[in-house]
Amino acid sequence: MPSYTVTVSTGSQWFAGTDDYIYITLVGTERCSERTLLDKPLYNDFERGAVDSYNVKVAEELGDIVLVKIEKKKYWVHDDWYCRYITVKTPSGDYVEFPCFRWLVDDKEVVLREGKAHLPQDDKTSQVKQHRQKELDTRRKTYRWKEWQPGFPMSIDANRHSELPRDIQFDSEKGVDFVLNYSKAIENLFVNQFMHMFQSSWNDFSDFEKIFVRIKNTISEYVMQHWKEDFMFGYQFLNGCNPVVTRKCTKLPDKFPVTHEMVSVSLERDLTLEEEIQAGNIYIVDYEVLDGITPNSTDPCTLQYVEAPICLLYKTAKKKIMPIAIQLGQTPGEDNPIFLPTDGQYDWLLAKIWVRSADFQHHQTITHLLKTHLMTEVFAVAMYRQLPAVHPVYKLLIPHIRFTIAINTKAREQLICECGIFDKANATGGGGHVQLVQRAVKTLTFRSLCFPDAIKARGVDKKEDLPTYFYRDDGYLVWEATMGFVSDVANIYYKSDEAVQGDEEIQAFIKDVCSFGMQDFDHCEFPKSLKTRTELIEYLTVVVFTASAQHAAVNFGQYDWCSWIPNAPSTMRKAPPKEKGLADVNLIIESLPDRGRSSWHLGAVWALSQYQENELYLGMYPDEHFIEKPVKEAMEKFRKQLAEITSSIKRRNEGKRLPYYNMSPDKIPNSVAV
């Protein structure tokens, strides 16, 4: 009697094992096996991390094994089980792999396809075609679109983390409880004594050290020591948390009437301001998107303010970026003066603080939340709805959307919801952050997510112009390596442009992102179809890069740059000055966040800057969704390229007082999970 050896691998995460009954049915091209209970006498089957083997006897050989059906039935109480993979050894000695990497919950069955990736047009038998379609039909019922707020990109239809499909939940919900994590951070930072002291101002700048000195690192200490300096202010536009807002200025906007006489003392080349602009030495940062945003009013005892400043930056002869003019509002006039480095010490410092506060709002809500978290969720939901597990693009993308829907759902549940944690310390809390996303979506285009395009569109792509723009330089390297990897994988399965055009599933994925995820927003310019391999490779590179490198670049430096509160105020408690000569230390301290808001802000940036336990970094793919040797070779090539990039960044950073490592591959997680 022929016998098949079935090897079953159980996951190693918490609660992955089960005491329930597990049944298996082998489906071959000729016939199916009997439904067989996998059980060894006097043995605890399917323990966490275990790899167990069983014999399945059949009357006749089954032909080629194409599907494996697994069923879980309750033993005492329902006990979820995480299956990593199943391997079947045939009577002839061949091995057939069936990747799973899924939870089996309740009494539902899972049917697995043999592990080689297949495009839909390559499936020839009705058996595998029906399996493919049934999987997608089930997924579309499970992964539904929902508009969380009007004008937002669409998200998953779930109000709480516990409502999500088990396969995309965190292994442990406690690990991502924002209230718990922020409170723990506040306690670890020894600032819990201040966390309820709202309306209580600090005494002076040095007073902020009471909540700062408990945890130190190179950059945060350097920021604390040098935050008042114009060099430090300018440098952050290149390599801080929000290195995406600086544009080359080709013409001064009418709303920002800076004259040569105002700034001539700051110019170093014996050129007029207009000539400096023509020479490409002037840059501008405009926070117009913040204009008119409703400030946080959730605390009736504390007025809070949001402003939309414009800042002019000058590239010095040594190619450093220095601020030379700041206007705090969008409408010029006597009550909206242009502040200059030649003004009084505190007038100029307060103007820079207002810019830093605006930058913080822009960073958190647009650069971080919208352009990494929410966009990656759009790609993730569309992927689950339109690509079956056997599709090569599903296998390529699944590591890069790991836990993203979960972290975003948790954020909507606790962080950015009405009366959420975001309201406690941020000027755009209480609904302003929602307005800000709604506005920013109107200018969000697909090309703005393509790293080289976004850099070039701002006129900051030339290394000789800005030689210390490390975010750009490292980003280019990681983008090229990522695109090379995506290209290597895509070209294994897509032999021609016609193969892309004929893949109805990838076309449905692309259309779902645009028509449902982005709701066909005007001007979003997301493609609705792809015609060439080049287009497909770029699109998939955008997905992987956004979820990994771009998120890392704008997330993990938050403690570095924002822990010194005066350098990144999460809110301002006094209105912006309408004339010069009013600012002094007292006005600045009273404008900055109070003790309570400072503590919540510090807890937030510390918690957000922490890597996950057992973090998977770019290029690490322990779950073998792909079984083909050419793909594994492409992965190894990718890892070697990333290691070389990491080494070159490490060499460049040696001896630097301000090392830049946020785009270093060894510090880039595969996915948005924090």
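Heads up, the Cβ atoms here are built off N, Cα and C, so glycines get one too.
Unlike curated records, TrEMBL annotations are generated automatically.
A quick note: this is a predicted structure, and the numbers were derived from the prediction, not measured.
TrEMBL lists 2-118 with the feature domain 'PLAT'. For the domain 'PLAT' (2-118), DSSP puts the residue distribution at 0 helix, 59 strand, 58 coil.
Taken from TrEMBL, the feature Ca(2+) 1 binding site applies to Gly17, Asp79, Asp80. Summarising the environment of Asp80 (Ca(2+) 1 binding site), the number of other Cβ atoms within 10 Å of its Cβ, over all protein chains shown, is 15.
As annotated by TrEMBL, Ca(2+) 2 binding site applies to Asp39. Cβ environment of Asp39 (Ca(2+) 2 binding site): Tyr21, Ile22, Asp45, Tyr54 lie under 8 Å away, each six or more residues apart in the same chain.
Counting every protein chain shown, the number of other Cβ atoms lying within 10 Å of the Cβ of Trp103 (site 'Essential for stabilizing binding to COTL1') is 22. Under the heading site 'Essential for stabilizing binding to COTL1', TrEMBL lists Trp103.
Looking at the domain 'Lipoxygenase' (117-674) alone, the prediction's average pLDDT is 92. Annotation comment: TrEMBL describes 117-674 as domain 'Lipoxygenase'.
Counting only same-chain residues at least 6 apart in sequence, those with a Cβ under 8 Å from the Cβ of His551 (Fe cation binding site) are His368, Thr372, His373, Thr376, Pro669, Val672. The feature Fe cation binding site is assigned by TrEMBL to His368, His373, His551.
On the backbone, the CA of Asp79 (Ca(2+) 1 binding site) and the CA of Trp103 (site 'Essential for stabilizing binding to COTL1') stand 10 Å apart.
Surrounding the centroid of the Cβ atoms of His368, His373, His551, where the record places Fe cation, the chain contributes additional residues within 8 Å, namely Thr367, Leu369, Lys371, Thr372, Thr376, Gln550, Val554, Asn555, Val672.
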